[in-house]
Amino acid sequence: MGTEAEQPSPPAQQQDQENPPLCKAQNPKPARLYRFVLIFVAGSLAAWTFHALSSTNLVWKLRQLHHLPTAHYLQTRDEFALYSVEELNAFKEFYDKSVSDSVGASYTEAEQTNIKEALGALRMAQDLYLAGKDDKAARLFEHALALAPRHPEVLLRYGEFLEHNQRNIVLADQYYFQALTISPSNSEALANRQRTADVVQSLDERRLESLDSKRDALSAIHESNGALRRAKKEAYFQHIYHSVGIEGNTMTLAQTRSILETRMAVDGKSIDEHNEILGMDLAMKYINASLVQKIDITIKDILELHRRVLGHVDPIEGGEFRRNQVYVGGHIPPGPGDLALLMQRFERWLNSEHSSTLHPVNYAALAHYKLVHIHPFVDGNGRTSRLLMNTLLMRAGYPPVIIPKQQRSKYYHFLKLANEGDIRPFVRFIADCTEKTLDLYLWATSDLPQQIPMLIQTESEAGERLAQMQSPNVAQRSSILEFYESGSGDLP
């Protein structure tokens, strides 16, 4: 009784014709095979790219490693190694090849000309030395070294001249070490270093003992001493003035002090130069209020330190690891992908039991070098490294060390030598600055509490201040003034 009679269903083929599928696959197997091949090729390409980048990074690391001889005469002491022995051994096969490649690299035409001239000057210098004309010989040795600073023969002969004629065994040992770094099989440099290494190590240890004695003498002065308080205040200004000056800041000491005391701008100076000084002030206050009392220094502490250093100059990059590759003169720091691992290793070393056994000056200088070598930030690496160094020294009872901006070229030269394998000249440079800073404090708290020589910047100011001073020790005063004004000279 239905209103519509049931109709028979049409054949399946007819349904397909009437309602064709939107996308009908004729044969799914070739499409799957094509996708599989495409994924395989893409994966292989990605793996090859990763391997190439890793190999490039490995080459960088290998070229930064110190030589790994087993002989005592070529090694610096274990605490001076940037990488662990395990890391060095893991890379040794590749490292030996990279060293042989670099040693066998051909010289450019200009380098060949310089080497030829250097060797000629070297022969003339040796002849003059044998003839007893030491002054002329010294000048020719220096000329040869300037022309070919990494030629083993030049380093060896100049080192012998310094050792036997100038009685400068420390510098001679440094040149023997450099000669062996470039040419490990040099038998003459080897014999010379066997003779000098232990003597130089003994001299370095005696120097550190002397620094400890001066530190103890300074520690014996009560905190309530008025001269000590004034010395600390002026040293604070000096530290900031010289640290930003090393990086190119053109503020004078008087302008630096004015900014810190009044927070007023100085006419004719850029905003960045003002902000660099204010950032250092923030970082120093953070150290005094927090870091000096901490047992361990962490990555977070270093980032907080850097955040304050760049807080006014570049607040976005402050306290952040860099995200790009940077180049620092001839030094190529690690890529951004390696920073997290390298900083973790640095943190472990910084707080290790082994590091706690190092002399504070060695420890602080090494920490400075290791951090600036990693170069974890876009900007502010030098300032942050110097602040970390002084944090470690202050925890050991030393005052913050002042590296005069006039010695900027020496400072960078010794960092370059450390990159080439010998960190001892840099450690000695920091020890020298430490001693001069200690001498300044001891001098300021002895017979002239009313005047701190670090304040003086110009010859006219120096003459005016000297006229006001009544102490009989004029030679000592002049020596201190010379160091802090010219960046050279030795304190008595």
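The backbone N, Cα and C atoms fix where each Cβ goes, and this holds for glycine too.
As annotated by Swiss-Prot, active site applies to His375. Classification of His375 (active site) by DSSP places it in coil, neither helical nor stranded.
DSSP assigns Glu247 (ATP binding site) to coil in the three-state reduction, placing it in neither a helix nor a strand. Annotation source Swiss-Prot lists ATP binding site at Glu247, 328-331, 379-386, 411-412, Asn419, citing similarity to another entry.
Per Swiss-Prot, compositional bias 'Low complexity' is recorded for 1-18.
The domain 'Fido' annotation in Swiss-Prot covers 297-432.
Beyond its flanks by at least six residues, the repeat 'TPR 1' (118-151) meets 157-158, 161, 165-166, 178, 182 of its own chain at Cβ-Cβ distances under 8 Å. Annotated repeat 'TPR 1' per Swiss-Prot: 118-151, in sequence order.
In the predicted model, the repeat 'TPR 2' (152-186) has a mean pLDDT of 93. What Swiss-Prot lists as repeat 'TPR 2' is 152-186.
With a cut-off of 8 Å between CB atoms and residues at least 6 apart in sequence, the same chain places Glu276, Gly382, Arg383 near Glu247 (ATP binding site), listed in sequence order. Annotation source Swiss-Prot lists site 'Important for autoinhibition of adenylyltransferase activity' at Glu247, citing similarity to another entry.
The transmembrane segment annotation in Swiss-Prot covers 33-55.
Counting other C-beta atoms within 10 Å of each candidate's C-beta, the recorded positions His331, His375, Arg386 are led by Arg386. DSSP gives Gly382 (ATP binding site) a helix state. Around the Cβ of Gly382 (ATP binding site), a 10 Å sphere holds 23 further Cβ atoms from the protein chains shown. Its Cβ taken as reference, Tyr412 (ATP binding site) is surrounded by 14 other Cβ atoms within 10 Å in the chains shown. Considering other CB atoms within 10 Å as the measure, the emptiest surroundings among the binding-site residues Gly329, Gly380 are those of Gly329.
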